[in-house]
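Asks: Just lifted these from Swiss-Prot, have a look:
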BINDING   19-25, 49-51, Arg314, 340-342, 422-424  GTP binding site
BINDING   Asp20, Glu21, Gly22, Lys23, Asn47, Ala48, Gly49, His50, Thr139, Arg153, Asn233, Thr248, Arg312  IMP binding site
BINDING   Asp20, Gly49  Mg(2+) binding site
ACT_SITE  Asp20  active site, proton acceptor
ACT_SITE  His50  active site, proton donor
BINDING   Val308, Thr309, Thr310, Gly311, Arg312, Lys313, Arg314  substrate binding site
Amino acid sequence: MLKEQPKGTVTVLLGAQWGDEGKGKIVDYLIAKDKVQVVARCQGGNNAGHTVVANGRKYDFHIIPSGIIAEKCFNIIGNGTVVNLDSFFEELDHNKITNIPGWEKRILISDRAHLICDIHMLVDGHSEDRLNINKIGTTKKGIGPTYSSKCFRNGLRVGDLVYDFDGFTLKFRELVKYYQKQYPDLEIDVDLELIKFKKHANKLNELALVADTVITLDELRSSGKTVLVEGANGTMLDIDFGTYPFVTSSNATVGGAITGLGLPPMSIKRVIGVTKAYSTRVGSGPFPTELKNDIGDKLQRIGHEVGVTTGRKRRCGWIDLVLLKRAHLINGFTDIALTKLDVLDTFDVIKAGVAYRLDKELLKSPPSQASDWEKVEVEYRTFKGWNTPILAMRSFNELPENCRIFIEFIEQYVGVPVKWIGVGEEREALILREP
């Protein structure tokens with residue numbers, strides 16, 4: 001019988017809330033300490049925002065995988081993503097990635113990834129404005145319309161741009177006509193856009209940044225390299241499992257890693273769920289444990305809760321264990337990374353949402369209807385605070401007793417071990433909890 005040769009394993013790291021959980025910090029730690037050799041993005045676009053503090057400086061990533069700052073790491077932007085090339089090149093410059101020797105040999109964009117065009121961003125803004133009071137809270141980055149083009153099969157892919165620019169030109173003009181029929185007041189200089197895209201095509205070809213990344217990923221795994229899939233957004237923003245319609249336009253759950261990179265399901269050996277020790281959300285949508293009071297303001301202030309992508313203040317509330325357990329049910333977390341625990345250092349009382357009631361009835365699962373979310377009542381478990389700075393602590397046993405009780409309750413409720421505990425902003429401000 002033919003035996004398949006062993007290949008490098010895959011770890012998928014996902015947001016367990018509404019994004020902004022601190023995934024970038026955990027990715028950076030895993031690259032530095034866990035010998036991760038490949039980092040891949042599988043879905044979303046530059047609507048995501050990962051902040052990494054390393055090498056004495058802060059990096060803000062939106063579409064580029066966080067592994068680009070580690071010289072040993074290869075980076076892939078997969079077929080499931082949507083790519084704004086203006087933002088891609090701006091992000092390289094902003095983070096001074098082009099100053100790193102050989103950076104271009106360590107990153108590839110899938111030729112099957114779809115392109116975000118200016119027309120998509122214009123449509124995104126028009127669609128959101130038409131909703132009036134029922135706004136989704138889109139970042140207006142063109143993400144939704146680009147995925148819509150993909151599904152409608154009139155989208156433009158990176159391969160169209162770099163392999164056949166004449167064909168790309170025809171498709172682009174048709175796409176603009178299609179949208180202008182729906183939105184007659186849309187104004188766009190097609191010729192100017194095509195000049196810009198031609199420059200991008202030349203640069204991508206010159207640097208050899210585009211390929212069939214399914215093959216690349218398989219070759220890397222066949223050589224024994226370990227892969228970390230860097231999920232964007234969060235489980236509760238998933239197009240299927242999130243708080244629909246207040247969601248993103250892609251699958252931000254573990255299935256998105258498989259379809260967004262062309263990975264075999266059995267290649268995934270570990271799924272890490274990242275959650276803050278409290279909850280935050282940017283923009284509109286259900287948020288059962290939100291604190292619209294001084295406590296919420298305090299969380300926002302101490303946690304510096306401002307969106308990396310939007311610059312908007314994040315709404316803040318207590319950790320929602322009902323949704324965290326739901327995220328585990330969908331993704332099958334093997335480990336949890338609990339971030340920003342230090343933000344709770346000065347709170348006398350800390351709470352965790354442990355049950356939902358709708359019309360006084362205990363719910364077995366979160367509501368599927370948007371209207372029901374507004375009526376959900378949350379039951380809480382209350383904990384005593386620890387009122388002790390934990391920034392310098394590097395082992396679980398060093399943490400104050402009340403802090404340990406809080407963490408242990410989370411893992412018992414969800415049924416997943418808390419392996420990493422973030423106690424500060426720097427890479428080193430992280431506790432690895434051994435079994």
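Each Cβ is built from the backbone N, Cα and C atoms, and glycine gets one as well.
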Asks: Which one of these binding-site residues has the most other Cβ atoms within 10 Å of its own Cβ: Gly19, Gly22, Gly49, Gly311?
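Replies: Answer returned by the neighbour count: Gly19.
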Asks: Distance check, please: Cα of Val423 (GTP binding site) against Cα of Gly311 (substrate binding site), rounded to an integer number of angstrom.
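Replies: Counting only the Cα atoms, the answer is 24 Å.
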Asks: Can you tell me which binding-site residues out of Asn233, Thr310, Gly311, Arg312 are within 10 A of Thr51 (GTP binding site) by Cα, answering none if there aren't any?
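Replies: Candidates kept after distance check: none.
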Asks: Pop the Cα-Cα gap between Asn233 (IMP binding site) and Lys25 (GTP binding site) into the table, whole Å please.
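Replies: Taking the Cα atoms only, Lys25 (GTP binding site) lies 15 Å from Asn233 (IMP binding site).
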Asks: Give the distance between the Cα atoms of Asp20 (IMP binding site) and His50 (active site, proton donor), rounded to the nearest whole Å.
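Replies: Between the Cα atoms of Asp20 (IMP binding site) and His50 (active site, proton donor), the distance comes to 7 Å.
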Asks: So if I draw a 10 Å sphere around the Cβ of Val423 (GTP binding site), how many other Cβ atoms end up inside it?
Replies: 26
Asks: Measure the Cβ-based neighbour count of Asn47 (IMP binding site), defined as the other Cβ atoms within 10 Å of its Cβ.
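Replies: Other Cβ atoms found within 10 Å: 27.
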Asks: Asn233 (IMP binding site) has how many other Cβ neighbours within 10 Å of its own Cβ?
Replies: 32
Asks: May I ask which of the binding-site residues Gly22, Thr310, Lys313, Arg314, Leu341 is closest to Asn47 (IMP binding site) if we compare their C-alpha atoms?
Replies: Thr310
